[in-house]
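Feature annotations, reproduced from TrEMBL:
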| type | residues | note |
| --- | --- | --- |
| BINDING | B:ARG98, B:ASN152 | substrate binding site |
| BINDING | B:CYS174, B:HIS204 | Mn(2+) binding site |
| DOMAIN | B:199-413 | domain 'Glycosyl hydrolase family 4 C-terminal' |
| SITE | B:GLU114 | site 'Increases basicity of active site Tyr' |
There are 4 protein chains.
Amino acid sequence: MAEKKGIKIATIGGGSSYTPELMEGFIKRYDELPIREIWLVDIEAGREKLEIVGKMAQRMWDASPYDVKVHLTLNREEALKDADFVTTQFRVGLLEARIKDERIPAYYGMVGQETNGAGGMFKAFRTIPVILEIVEDMKRLCPNAWLVNFANPSGMVTEAVVRYGKWDKVIGLCNVPVMAMMTEPKLLEVEKEDLIYKFAGLNHFHWHKVADKDGNDITLKLIDKLYEGDAGLPKNIWDLPFYKEQLVQMQMVPCGYHRYYYREEEMLQHAMEEYKTIGTRAQQVKQTETELFELYKDPNLSHKPEQLEQRGGAYYSDAACETIASIYANKETQIVVSTKNNGAVPDLPADCVVEVTAYVGAQGARNVAFGSLPTAERGWLQVMKNMELLTIEAAITGDYGTALQAFTLNPLVRSGDTAIRILKELLIAHKEYLPQFAETIAKLEREGIEVQDEIARELCKEKITV
Amino acid sequence: MAEKKGIKIATIGGGSSYTPELMEGFIKRYDELPIREIWLVDIEAGREKLEIVGKMAQRMWDASPYDVKVHLTLNREEALKDADFVTTQFRVGLLEARIKDERIPAYYGMVGQETNGAGGMFKAFRTIPVILEIVEDMKRLCPNAWLVNFANPSGMVTEAVVRYGKWDKVIGLCNVPVMAMMTEPKLLEVEKEDLIYKFAGLNHFHWHKVADKDGNDITLKLIDKLYEGDAGLPKNIWDLPFYKEQLVQMQMVPCGYHRYYYREEEMLQHAMEEYKTIGTRAQQVKQTETELFELYKDPNLSHKPEQLEQRGGAYYSDAACETIASIYANKETQIVVSTKNNGAVPDLPADCVVEVTAYVGAQGARNVAFGSLPTAERGWLQVMKNMELLTIEAAITGDYGTALQAFTLNPLVRSGDTAIRILKELLIAHKEYLPQFAETIAKLEREGIEVQDEIARELCKEKITV
Amino acid sequence: MAEKKGIKIATIGGGSSYTPELMEGFIKRYDELPIREIWLVDIEAGREKLEIVGKMAQRMWDASPYDVKVHLTLNREEALKDADFVTTQFRVGLLEARIKDERIPAYYGMVGQETNGAGGMFKAFRTIPVILEIVEDMKRLCPNAWLVNFANPSGMVTEAVVRYGKWDKVIGLCNVPVMAMMTEPKLLEVEKEDLIYKFAGLNHFHWHKVADKDGNDITLKLIDKLYEGDAGLPKNIWDLPFYKEQLVQMQMVPCGYHRYYYREEEMLQHAMEEYKTIGTRAQQVKQTETELFELYKDPNLSHKPEQLEQRGGAYYSDAACETIASIYANKETQIVVSTKNNGAVPDLPADCVVEVTAYVGAQGARNVAFGSLPTAERGWLQVMKNMELLTIEAAITGDYGTALQAFTLNPLVRSGDTAIRILKELLIAHKEYLPQFAETIAKLEREGIEVQDEIARELCKEKITV
Amino acid sequence: MAEKKGIKIATIGGGSSYTPELMEGFIKRYDELPIREIWLVDIEAGREKLEIVGKMAQRMWDASPYDVKVHLTLNREEALKDADFVTTQFRVGLLEARIKDERIPAYYGMVGQETNGAGGMFKAFRTIPVILEIVEDMKRLCPNAWLVNFANPSGMVTEAVVRYGKWDKVIGLCNVPVMAMMTEPKLLEVEKEDLIYKFAGLNHFHWHKVADKDGNDITLKLIDKLYEGDAGLPKNIWDLPFYKEQLVQMQMVPCGYHRYYYREEEMLQHAMEEYKTIGTRAQQVKQTETELFELYKDPNLSHKPEQLEQRGGAYYSDAACETIASIYANKETQIVVSTKNNGAVPDLPADCVVEVTAYVGAQGARNVAFGSLPTAERGWLQVMKNMELLTIEAAITGDYGTALQAFTLNPLVRSGDTAIRILKELLIAHKEYLPQFAETIAKLEREGIEVQDEIARELCKEKITV
């Protein structure tokens, strides 16, 4: 590898507000990960952000003891050329697209969410064609590089890279397990090092078990702790509690996103309230982002600002840095990653992508074999993985029937005419980013389908420029 | 087998309004199925119905050229003793229980249905303990008999018999495929004999493909036919059309019950309208039943009345008679049955129960291996089968957490507090038939949970006597 | 299909001594299978045989009431053009090649057999490239035809057609199950119609179970019958008895070829005796063939001579005719065929080829799902199927390492230097028919590898002309 | 666990010559594995050895800085009571039994080997009933203990513990991978730490791949190195080279025992030469053992003598100590272990035992998911695992037919009358240790079956006393 000349990192979507966290992670690990140069690449529409965050990134390195050059470019090929690691954190259509993903379903009383339900599927439709282009570029320009993806929906994106891109040197990341492993030790009043974790499932849809350092499974004890305190509500990261009897039955702890599936009613209610009042999550995030970029403009700022943690997705970039360092230095760190199953989750095919605890080293992820899951979780996993596979297939073929089948199979989409309407409006709304669906979209336009949510409709009219 | 002395049939739930159809089917097939005696068995609450329908049954035989004695009894053991075939068509809690299954979810805006959603799960909770008792009786009293089940939910009941009853000589029946194979040839303007059918899936959740007599798959042609006619609506058995693009993508024809999953929104709307106006399906059926039993009382009636066909479930009993005759005479008739998979549906474990085309003969069902299903259908099958397995487990253990997991996994139950409320009310409402849940029910009673739907609540107060 | 104009049959390897049996089968079934024309195609080396047997075939039809024309050709394309059914019964390299397959291993004390051990693998190496050429021709010339293969090794040939030829309209045939179903009823003193058979496994490597007409499994009774009589030896088709305890444990009846695996020692001894005295099986068959062709020359002979039955492989052609008639007339006849698994044998992948009981009709084979096999048989099946897959891969790639792996995995090849020697001599001996291995063979020639068995060596020198 | 009071180790078969190596391993790791007491337990026949080696063991501890008491006992229950770790290294019937396992097959020209072929199966027949007794004792006496097994055949013993003993806290060990990971870095001229290993398969039947510290697979490079040097022979641990083309095809390195399967002919020849001259391996080992025990008697010896390494099985005990320390201190050390699959080898059922690279910690083995193996290796694995399962079943039921099926499936047993003879003689020879086969053995005795190999026959007459 790049031992002598130092490491080259290329970051696609380099203008992201997360970039400073990524820089901080690299600076912290410089001793084991001797970076020579970082290339932040973005598209024309992201030029301004790229410049702001790029300068900020260079300031961070300049304030460090290390001599690392941060290059800014709109030319992806230049950035990828001879890269050792490629990280992907782009969002096709920016936050504006996510706002549409959230508001158009919500207008019709359905869940709009970044990676779940109808919204998550459209994020996949937009992102997968782009990641496959990047993979093709990598085959030409940096065939030995590792791709570390945290573009969402991270599991489906990683699956597309492996299955259709035929690129195995990829690891998909998620900050959700990181958060669990940070908060739960406190609840149990032990150190993180004193717990043994085992995760299995899919990205944003995994469960975990935990044991103490003597190897005794203490998942039920953890579940008890989650429900201690006033009013029977858990005092922990979950805003909305799971039903305790359900967790006791499964003897595992679900991830936060399982609330959409285990308490669909309340999650939807909450989303509808936000939709009608303060705006959906992306709208809130957009505000935070604007503030962040204002901060980043400050020529005296040379460290990651605290506000970034409120952005959501905290520790995502740190997980990426740790993954890269583990691969580079063959550290065999335990990380929860999206990766080819290889049997670790025997209830799913050995060649699909899952999210599991793995020891990450120079060969990538060495997945810990979890063993078969209990009946309920097996059912969930199988329906979700097949929904993912259909979504990816639709993202590639642009076939309307396949998209409809994926929609129908998705547990968060209530099938019927309203779902069809949402599907059609989202196709129209994201027209610019869905060339694979061009024929269908043209037909819908002839039929006069229009986005009904006012904010989303206005966004469709704008020429997106950040 | 019973060659010399003639066949003994025992029918559990013999007081059912279907019994005359069963008699008609036996009379029609007497030449290949020489019955000696039929035992109709029912419970005390069904005594009156049993007597009415039993006399009617005897009159039907008396009007035939055959000398067959119809015995009526409340003593199940007496009926099972040395039986050659046992048919099960009982409904625990009678139509009153089904009314509760339908109305309690509907009160809260959720699907209440005989075999689907929350209602179907409670039907399983009530039925499975009873079928397992019957199987234990059979092991003692008629260990060589075949069990032909059409008590619903037929697939789950059959699975319970095989998995927990450890009884392999069982076939579960469904009239839905029969209906498809009767109506589709007309649409295609051919004879039934000119079509080759292949079904696979689960009970009330299967798909089929069809070929012409030269072996060419004509499923897409059939799909086209289903949508011919005015206003783009199919002129066929489906009241509500499937989305054509979806059927074209799967290149299979779903069963009628798939409408609950593929057009959940509209099916729910329709159910809510009925709930608020003419009453749910069971209420309508109850009216038909009352009329039927009035007819049956007529001492001059000695043939199946036409009104029976409106009862729903037509041809169910005929399928049962054909199955029995095929087993008895090793006819190898093609029948769609619920039976141990044995690999016929490779996407599900080889030891679970599926519903497939089989050649039925003296050894029971010889399933036609269907091969792997496409992605979408695989996802649906896997989630539904795991939901069934959880439901059956809850039916046996009476564990509340398992019931909750089954509820949550069921695609027709929207998870959350309302679902929990429905679960609790149904437990209370069916208290009498759910001894396995006694502890949970007692706790709910202490908490003061009460059924809110007025009609269902009144039914809970009545001492059920038919 | 060919309803109006009558059916066109193309038979590749038409000069085979089996052709009269095939004609007889067609004549017998003319009413349900109205053939218009038959094309017998062979290669230059088989021209003389083709003419003899072709004239004989035409005489058979002329002596029948039916007006069918038998065409003889060396031009395969002409024969395939618009064919409705293609049957393949060719043997690449003729009986001379089989003699080498048998004698070269035998020279070194190893099993040489037509379809088993080293010989069977080389038959696959020679046959698979040719069958794939035929499939490519069929795609162009008769894309709607069915391929009915009885070229050996029939299972591997069928697997190659499905897996690499991507041609699903194929059925592989075997006369072994036919023989079992003809002789066993006599042993049991019942009619064939009174037994229910279920076969599963691979070609020349299957097991079966049998039940009486009441559905009672009587396999153990049949096993008892197989061992009745003097000296504890079975008086049945098996020359060498299986160990009874083994059959009782498996509760199935193996096929005759299992003797090579279950009594390897004695089968080898017997083969060695023949090798040293009367010559191997192919040498014996060659004599029979010469006599047969003498008979066929008789211009007065217009029916299949009795001597053909001693040829071995009797009823093969009859099975082929029955298969074709069943497909043509959608008869749903129970036939044991090599066909895509589709789950029928759940211990093997759903997409590989197995040999199972199937109902054969216009869509081809509808496999009866057998369910999981017991431990021992599962182990055998899995090793044999993987050996087949390796053999096929080597047949296509010509990779020496893959051939060596296949040899090593084959239970009848004792690994080591002698096996390597046999592998190398067989490559040299069949040079003419193994273009895919040209590079390896050239290297072996440079190394001076020579066939040691004298008879085989002489055959290598001859220009094969029949 | 035993933190405060120190650890109690119970070693079944404590009189083994390996015990000093075990002691050395514990002494070396005392800092991380604070042992309080060690119980060496043996049977009456091993009393003398136990005393010799027990004293030696105590001397070793006395010479160390640690205060550890070595208890000697013939009372297994006393030893197991409250143990933290139980190690099993017993050999039922001692080396005398192994001599019979080797000589009886060899008399008839077949492979007799400790863990392979007929011998290995009889070792399983003798060992499995005993290990299951031990497990039952553990359930009563030390239900929280870990069982660390290195009694051979280690894989089958571990499988029996998991499958029939229903005991999951077990790890089976093998020194073969340890040896590979010690010698190969030297060949490649790197440090062990610079290589990344991945093993998968079964005990004494696994393969591995190796990568450099940058993650590049260098297995082909290693294969090249194995064949460097004079005469094309590998200068490494293998006495007999594998065929290089085979290794190149599989792109993996087999374990040493694979020579029995990949070069059966030569391995057998070599065994026959030894049999006819210097005696089989067990006879040689017995000589070494006698010498070792002479050394152990020396009251001045307080460290493991060098001669022990020639004993074979070197590093076995060290692997055991490392495993125990890793469990105790949750070290997550990479060790190759026999353990429940959990999907790590997707070609075998998730619930069977495999041998794979695992990270060993307080919860036992966290298997690295290897992914599907190539065709040839998949075939081998599946036949061997099913052979193991049959052998274990026969070991428990004592069913002769099952034993015969296992023999027949075993690739190293050539089926036929000679195999039957060997099976029968081994049953007779091991009568004392095979109560489960008592009925069959009595029958064989009545038939007058006698062991033909003179040395083995003499051993049968002796009252074994060590």
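Glycine is treated like the rest: Cβ placed from N, Cα and C.
Any TrEMBL annotation is an automated prediction that lacks curation.
Put simply, of the recorded positions B:ARG98, B:GLU114, B:ASN152, the one whose Cα is nearest the Cα of B:CYS174 (Mn(2+) binding site) is B:ASN152. For the pair B:ASN152 (substrate binding site) and B:GLU114 (site 'Increases basicity of active site Tyr'), the Cα-Cα distance reads 8 Å. Candidate recorded positions B:ARG98, B:GLU114, B:ASN152, B:CYS174, B:HIS204 yield none lying near chain A, with Cβ-Cβ distance under 8 angstroms. A Cα-Cα distance of 11 Å separates B:HIS204 (Mn(2+) binding site) from B:GLU114 (site 'Increases basicity of active site Tyr'). Across the residues of the domain 'Glycosyl hydrolase family 4 C-terminal' (B:199-413), the predicted structure has a mean pLDDT of 92.
Annotation note: B:ARG98 (substrate binding site) sits in a helical segment as assigned by DSSP. The two recorded residues, B:GLU114 (site 'Increases basicity of active site Tyr') and B:ARG98 (substrate binding site), show a Cα separation of 6 Å. Taking the Cβ of B:ASN152 (substrate binding site) as centre and 10 Å as the limit, one finds 23 other Cβ atoms among all the protein chains shown. Under the DSSP three-state reduction, B:HIS204 (Mn(2+) binding site) is assigned to coil, being neither helix nor strand. Close to B:ARG98 (substrate binding site) in the fold, though at least 6 residues off in sequence, lie B:ARG91, B:GLU114, B:GLY119, B:LYS123, B:ALA282, B:VAL285, each with a CB less than 8 Å from its CB. Taking all protein chains in view, 25 other C-beta atoms sit within 10 angstroms of the C-beta of B:HIS204 (Mn(2+) binding site).
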